[in-house]
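J.: Attaching a single structure in structure tokens format; questions to follow.
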Amino acid sequence: MKLSSFAKLGGVALLSALVLAGCGSKSSQSGSSKQELTWQESSNLPTMDLSKATDIVSAETLNATNEGLLKMSTKAKVVPGVAKNYTVSKDGKTWTFNLRHSKWSDGTPVTAKDFVYSWQRTLAPKTASQYAYIFDHIKNATKYNTGKASASSLGVKADGNYKLVVTLSKPQSYFKYLVANAQFFPQKQSAVKKFGSKYGTQSKYMVYNGPFKLTGWSGTNDSWTMVKNSNYWNKKNIKLDKMKIQVSKDPSTTLNQYNTDKLDVATLTGSQQVSHYKNNKDYKSFLNASTFYLEMNQKKDPVLRNINIRKAISLAINRKQLTNKVLADGSVPARGLVAAKMAYRNGKDYADQAEVKAADSQNLAQAKKLWAKGLKETGKKTVALNLLSDDTPAGKNTTEFIQSQLTKLPGLKITNQNLPFKTRLQRSQDGNFDLVISAWIADFPDPISFLSLFTSDNSYNNGKWKSTEYDNLIKNAEGRDALNAGKRWDDMVQAQKVLMNDQGIVPLYQQSTPKLIKSNVKGIQFFPTSPEWDWSKVSIK
Amino acid sequence: MAKYLAKRIFYIILTLFIVTTVTFFLMKFMPGTPLTNQAKLSPSQIHQIYKQYGLDKPLWQQYLSYLAGVVHGNFGTSFQFSDQPVSYLIGSRLGPSLTIGGEAMVVGVIIGIIVGSIGAVKQDTWVDTATTIISILGVSIPSFVLAVLLQYYLGLKLRLFPIADWGGFMYTVLPTLALAASPFAETARFMRTEMVDVLSSDYIELAKAKGLNKVGIIYHHALRNSLIPIVTIVGPLAVNIMTGSMVVENIFSIPGIGEQFVKSILTNDYPTIMGLAIVYCAMLCVVLLITDILYGLIDPRIRINK
């Protein structure tokens, strides 16, 4: 009896000691707040070869581990990167970048030659880069890319080790955004030669000049790390020591991992998760520069050439219901072709200035009136249209919703067709559709990234909408007014108004990325265009 | 035996050749391009890039150069994972799928044989009913439902096992259990039916009449004869499971091959589709060969004499 109660007492003491010890180690851990971040990705990292990369995971990883002449910043601004400063000639064609003395992760200097080599490599026909088109304003870039000019004729030259001179074939005010993109980062020739066909296929077959170095990436695995680069020129301002990236493709697994503190940042997927966490203090939604819109095939269907028919289709759709009830994933109604909160001039959002309310809002009575008028004008009583979209959950939900909205127009019959992305894309390009839900993700935060799609000869203009006025405005923005920022901006504002007033497309919604972020993680930067995420200012409080 | 083996290997090579050919041409009928930036490329730009990859050549030329590559052990490089050799891609992601699939097969089949045998021996009792119900559940509950349940209760609530990720034996337990349900149920059902048959046959009656003990009879006489149909189903089942389950692998974040097969088709990643088709086909052929050899070991009547 005595012994057993003694044992009990001892047991309790031991247990409480253990519990207390547990508490102690826990509190000391959170007190020191390790500068480490665990980040979730929904897809793999396919490559680190910037001449070949096309996806967002590659872009953000390249952006974290390398650095271009300039760096993207919030509100469509750029800040110095490897270039301390730059000047643009009066005719807007010559850009001169003065480079700082910075180093690669192997300790060798980053020079202007590394930029020249990198751009030449991306544009070399043999590389078969899928982003070569983004260099098209650089002198002889397209010619060199198609094998019609030599590498040495390309408009990028090193003037000594620390001065880079770029010659454009015509002025391009948004070139400053392009050089902040991964495609314009430097590459070290000796490293590319040394690693040969393995270059960029594993973390060890790369050199880095950015805030972090990539480690533990086997090229195909699902988790890798980024550690602080001790050779980075601005390392004293990098607070994060280490970042672990974990690929987690299943939405509920991701959430479970977040809730058990295995992840510091997690992406939410679908309406269920978003509606459940919408009011959580960790919830944040980030608006992407990606617009979803309806294209109407004017080449195939004469009825869609009628402006009243097109306007009726747009006016019949309740976009708020689409984003809040159907998609319910943080997306917002599109206010035109150009994404909102992407492009600014003098602090003003392009989307605010170029919006045509009547072309992106619902008015069923007006829609029915215009529809009846349109039918009369085209001499039709009934119209049957096929609505094409992707076979993703969001794609299916959207088509079902649009179908239900459009059948409110008397005599209109909509049949839905949801196909895998690449099949859908092929049909769009072949003009094999009546109505198609298309999406565009801008490459850089200038309205032209969207607007250039709908000039009459553009291959992405799947609906074959045509307007000479629009074509001229875009031509002026890219040519005559290219050096006059104010005029150029006005051209672009006017262009979207022309497109919307004629209902060349039906804007639907703008996509956003909903995330959960632990409250002790500070300083994550988000840009609506590539690379989207920047961790160079992150700290753990 | 040697002659038999040589003949079988010849057929395997023939099968592989046919599968390769059919897959190659079927795959080329799919719409879309293998380019990852297809949405932003104009037709002329696509043509330009096609030229670099030799994709603008006539189909038969592409086919011949692919075959020539395969004969030299070169399966090409992936489009999804830019420049990554397909052999490396498959090699590095097949391992985890094989590990989990293998574990699931061993666990599932062994428990299946035991449960099936118990059911047969205790035929028409509550034990038999219980084993039947369990195996019916095993067949009818999809592995991904089981995966989510296991993750929620054993991973999240009880914290017995990691919720997901990869890195050691503990990480394999939940996915193994989720995948083991189907081989377990299949084996248990076959085992029970077969064992009931065998137990009513004459030689078992004779053994009983001779006064041998029950355990001895079941172990020495009944079990071995009941295993023949199990061997038949286990082979294809093993290939099916070991080639990876996209859903289970995604739920437990396993860096396996399951998703690649689906994704390579959706993204027109031609070299990866071909590589995986060849690997899966070869695995199935080899497993079938092993199955046929195993028959002989279990049942002398099927043994090949020549």
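Backbone N, Cα and C atoms are what each Cβ position is placed from, and that goes for glycine too.
According to TrEMBL, the protein has these features:
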DOMAIN    B:94-295  domain 'ABC transmembrane type-1'
TRANSMEM  B:9-27  transmembrane segment
TRANSMEM  B:98-121  transmembrane segment
TRANSMEM  B:133-154  transmembrane segment
TRANSMEM  B:166-185  transmembrane segment
TRANSMEM  B:227-252  transmembrane segment
TRANSMEM  B:272-298  transmembrane segment
J.: Counting Cβ pairs under 8 Å to the transmembrane segment (B:166-185), which of B:9-27, B:98-121, B:227-252, B:272-298 comes out on top?
T.: B:98-121
J.: Hey, would you say the transmembrane segment (B:272-298) packs against the transmembrane segment (B:98-121), going by three or more CB pairs under 8 A that are 6+ residues apart?
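T.: In this chain the transmembrane segment (B:272-298) does not contact the transmembrane segment (B:98-121) - fewer than 3 Cβ pairs sit under 8 Å.
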J.: Three or more CB pairs closer than 8 Å, sequence separation of 6 or more: does that hold for the transmembrane segment (B:98-121) against the transmembrane segment (B:9-27)?
T.: no
J.: Give residue numbers and ranges for long-range contacts of the transmembrane segment (B:227-252): same chain, 6 or more residues beyond its ends, CB-CB under 8 A.
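T.: Answer is 94, 96-98, 100-102, 104-105, 109, 113, 143-144, 147-148, 151, 164-165, 171, 174-175, 178-179, 182-183, 186-187, 190-191, 194, 258-259, 261-262, 280, 283-284, 287-288, 290-291, 294-295, 298-299.
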J.: So if I exclude everything within five residues of the ends of the transmembrane segment (B:9-27), which remaining residues of that chain have a CB under 8 angstroms from its CBs? That is, six or more out.
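T.: 59, 63, 66-67, 70, 265, 268, 270, 273-274, 277-278, 281-282, 285-286, 289.
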